[in-house]
Amino acid sequence: MNTTNEYLKTLLNPAQFISDIPDDIMIRHVNSAQTITYNLKSGASGTGLIVVYPNTPSSISGFHYIWDSATSNWVFDQYIYTAQELKDSYDYGRLISGSLSIKSSTLPAGVYALNGTFNAVWFQGTLSEVSDYSYDRILSITSNPLDKVGNVLVGDGIEVLSLPQGFNNPYVRLGDKSPSTLSSPTHITNTSQNLATGGAYMIPVTTVPGQGFHNKEFSINVDSVGPVDILWSGQMTMQDEWTVTANYQPLNISGTLIANSQRTLTWSNTGVSNGSHYMNMNNLNVSLFHENPPPEPVAAIKININYGNNTNGDSSFSVDSSFTINVIGGATIGVNSPTVGVGYQGVAEGTAITISGINNYELVPNPDLQKNLPMTYGTCDPHDLTYIKYILSNREQLGLRSVMTLADYNRMKMYMHVLTNYHVDEREASSFDFWQLLKQIKNVAVPLAATLAPQFAPIIGAADGLANAILGDSASGRPVGNSASGMPISMSRRLRNAYSADSPLGEEHWLPNENENFNKFDIIYDVSHSSMALFPVIMMEHDKVIPSDPEELYIAVSLTESLRKQIPNLNDMPYYEMGGHRVYNSVSSNVRSGNFLRSDYILLPCYQLLEGRLASSTSPNKVTGTSHQLAIYAADDLLKSGVLGKAPFAAFTGSVVGSSVGEVFGINLKLQLTDSLGIPLLGNSPGLVQVKTLTSLDKKIKDMGDVKRRTPKQTLPHWTAGSASMNPFMNTNPFLEELDQPIPSNAAKPISEETRDLFLSDGQTIPSSQEKIATIHEYLLEHKELEEAMFSLISQGRGRSLINMVVKSALNIETQSREVTGERRQRLERKLRNLENQGIYVDESKIMSRGRISKEDTELAMRIARKNQKDAKLRRIYSNNASIQESYTVDDFVSYWMEQESLPTGIQIAMWLKGDDWSQPIPPRVQRRHYDSYIMMLGPSPTQEQADAVKDLVDDIYDRNQGKGPSQEQARELSHAVRRLISHSLVNQPATAPRVPPRRIVSAQTAQTDPPGRRAALDRLRRVRGEDNDIV
């Protein structure tokens, strides 16, 4: 048996591997890799559509459209072919695998920045079935998140992967020039697997006046890039002379006629004698695009038939027929479905969009080529084929995408190769959390893609060294007690107390455990006046690894005065502040502002909870990280509702920022516990019951019951590495009655000296596992090169080296932060002050330790600032509106409207208070149209023609805005239009002769009678200039 699945390799990485399809088709063939390379040019609008057929067996892999904004139509640009035209050398073929990358990296002349984004979607169907191909709407074609990707920068690019839709697909006739001996061969394309569509066509006896006509028109979608035949049967019965004209119009995706493709057929019986006559409808048969492929893909065929009465008097006719439209090759699998649409928008005109890819084929060469090309039989391997079917049927769990970003595809190639390996060590399988698919896929460990993400590096790294301790062969973390209370009890770390699990809780049953290797299970708290909620944790305790810790529930409990008195060491516990209150027994960093809490809280282990009594420990482990915050707000919501002494029948995990719930990691390990207990896990991470905001949390809690004593029901099998040493599929549900279940003697296994040395390098102490996960997660987010190296080490099976590299790097973060020079620290402080002056506040301690301000820091700070501004405005609205204060608290009002897109208007608030639907748009008011300000621009006395033209411009703006006045941009455009109108009127005015004022000649007598003072002044001026007094 093979150790790897070669066909699966070529499906996931077609550029490097090629292999036969291991199905039942046994035909001699050759395997051929055909490249696809194109440089498409964007149009003037900067918007276009690339259509790809990822499963097509022919040379046509897709085509390119450009959006014409002037006509609002898609204009066909060109086909996308493989480098070799397959039909020239091969008779038959079928697709093995393929991939296609689309990106842009070349700028046109005069452009200095690469702009634009891609939206891509894979859907099962043909192009003509989609009503809207626009960039904004293309992602709505499918709801499957694995089949679409949006807002990808054109410089980053996307990848289209050809995943098979089935097997045992027949070879397809590629189309050859036949017969080859003729000097002018006829082009025959896809002579098999045709698609026939048709129907009945009938016109009852109809009378048409002299020289009149009767018209019939219909259209049918064909989605073809090859020949189309339209065949008729039946007959037309008529009186006297008639002319029948049939127009066949191939249409493109915009619904317009394809240029130079219309065919017209005319039949006439002019000149016959009066009386009844007949026409066989097959006279209207037509064949399209047989000699040459269509100039662009044909979306539909429109047929228009005109029946004309050639006589001068009334005449009747009737038609009884049927028609068939044959799309040659239209039924071939993959030729026009599934379809991938890649829309782009915002790119500069002339930008080169590069398409590069490869399609692998099984091909049957024509006889001339067979002489020099040896062929082999197909490969049939039911074992490999079954394995691939299981892989593809679990593609959602495995994260196999049909379209993705290029970066995601490159990362996927690094770890998806594990899917192709049949022999995966059981211990390695346990570290990758493969147990959910072990039974399904031939007992072969298949990794879930989610657990291979960088944030799970410490869990992955445990494969070689740390897994021996964490998931050892002894206690292994298998729950061993049976609890009828609905909550996990004693686990392996409290085995000596497991006997009391099925009896009612009483203090006499909970004696302190004297063994120092365990936390003391010695306290029962009265929590009947507290609100509470459960959450899962992942922990490691000092130098001992507790196998059951990944399967332990904690509980967030509100602190009342009575509970404070029951916890004497409360003031000695670590705490942090959130929402105006303290959270005890927790060490969390980077805690951001959250909604206001109603009480202090404490985080405790939950061994049992029954009738307001909580079995816990006086020496609980400290909780690190922020994944418990959602449970705190769930408990706080119960406190608001007055639900005390019991917890919802659910667990919660998620960080909280403002009123939003963030994603966390470690989900697979946490789900192992909640799935085995049969309780849902709520959060905003993939695979959980979705809670995105605190508002939706409130709705979810109302639907949940509470934890109560109940009869256990069997749940899905639960598996861990240690229990696999006995039976990897045994049921370890702690609710089941299995009294004869053996109890392991060794409950905790110390870390080996070799593993200890890995963690204690540079004199470091062993942190808790959550601290390591949080530290390594943060470090990997900042060092992408480490992420790439991590996947490389996994692929080589070097788990121990991975532990060394990741853990040492993470533990030395503080050392690296000290290397920030004083000069750089000053520059960072100046940048921070500048951001604060703009109202942007970032985490200064994190920035100074990292040594730089990232774009994500500023974007997050700006989002928080905007939320705070919206919060402040809503609180002002609340304080100024007495009606709201009568019905809602300020927190409820602010929490509700923070979830909406915009601030409410007065009318919306009034409708909301009445319980009406405020979300509907308010009908526009009829506003007075302001013409005066624009007419005044024409001057003091405009003509009536100019004033009417200005009013038309203003009316056009109001009509476009549905009665609303112009926006600032529209007002600017309107002013420019009025100025152009003035300029145009000045240019077109008839030229008038300039008026020359009459020249006034002063008589000599008038000059002599000038005042004496003026004559004296002129005389003095002339003497100063040295002029003569006498003027000739």
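Every residue gets a Cβ built from N, Cα and C, even glycine.
Per Swiss-Prot, the feature divalent metal cation binding site maps to Asp23; the stated evidence is similarity to another entry. Residues or ranges marked as domain 'Peptidase S50' by Swiss-Prot: 501-723. According to Swiss-Prot, the active site, nucleophile annotation covers Ser627. Annotation source Swiss-Prot lists active site at Lys670, citing sequence analysis. For 986-1014, the entry in Swiss-Prot reads region 'Disordered'. Sequence annotations record features per position, and here Swiss-Prot assigns region 'Interaction with VP1 protein' to 1021-1030 based on similarity to another entry.
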| note | Ser627 (active site, nucleophile) -> DSSP, reduced to three states, gives coil
| request: Ten-angstrom check, please: count other Cβ atoms within 10 Å of the Cβ of the residue listed as 'divalent metal cation binding site', all chains counted. | output: 20
| query | With every protein chain in view, how many other Cβ atoms are within 10 Å of the Cβ of Lys670 (active site)? | reply | 26
| field | Where Lys670 (active site) sits in the secondary structure, as DSSP reduces it to three classes | value | helix
| query | Taking just the CA atoms, what is the gap between Lys670 (active site) and Ser627 (active site, nucleophile) in Å? | reply | 11
| task | Measuring Cα to Cα, tell me the gap between Asp23 (divalent metal cation binding site) and the residue listed as 'active site, nucleophile' in whole angstrom. | result | 47
